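Below is one structure, written out as structure tokens, with a few remarks after it.
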Amino acid sequence: MYDYIKGQLTKITAKYIVVETNGLGYIINVANPYSFTDSVNQLVTIYLHQVIREDAHLLFGFHTEDEKDVFLKLISVSGIGPTTALAIVAVDDNEGLVNAIDNSDIKYLMKFPKIGKKTAQQMVLDLAGKFVEAPQETGNTKARSNKAGNTQLDEAIEALLALGYKATELKKIRAFFEGTSETAEQYIKSALKLLMKG
């Protein structure tokens, strides 16, 4: 098992980042790949969780140990796999998540992709009271120069599809942001807030 990796961030895609260390490039699935944009070709530390399957060894990465802790709690719930947990972490509203779990807000929990009523109820059953305090929001929120356009929106939509959101939902998101100019990371954060509002 791995705790973290320290190396050079060499690539960003809609689903994952690549960190090179000792001549090897590690594919790491992350909640919002574009939150790492400022770190391309720089030394980064990514906290890791490894999932071993018959057909693949997968790495899931996080900005902070708090973000990783939320992910680990989520995958301990029956019905929540790593991809779904990553989509929940991507919303970057841990306070809202913890409040929903502690207050049995099933409707809020069902707004996450691939979370039905049964799984939402299981989340409450398994995780209520398990978060001593809501961790700080975990994404990289550094302001950046505004160099976005439709390409940035396209990348954001692609990343949201990878998180499990439906194309029909994302058509509305695209229409909402058409004509605006943001980074892919900012589009993703704003879109996730809109999707959670329903």
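Every residue gets a Cβ built from N, Cα and C, even glycine.
Values in this document were obtained by computation on a predicted structure and should not be read as measured data.
Annotated in Swiss-Prot:
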- 1-63: region 'Domain I' (REGION)
- 64-142: region 'Domain II' (REGION)
- 143-147: region 'Flexible linker' (REGION)
- 148-198: region 'Domain III' (REGION)
Exercise. What are the DSSP helix/strand/coil residue counts across the region 'Domain I' (1-63)?
Worked result: 7 helix, 38 strand, 18 coil
For this session: Just give the helix, strand and coil counts over the region 'Domain II' (64-142), going by DSSP.
Result: 44 helix, 0 strand, 35 coil
For this session: With DSSP as the reference, give the number of residues of the region 'Domain III' (148-198) in helix, strand and coil.
Result: 38 helix, 0 strand, 13 coil
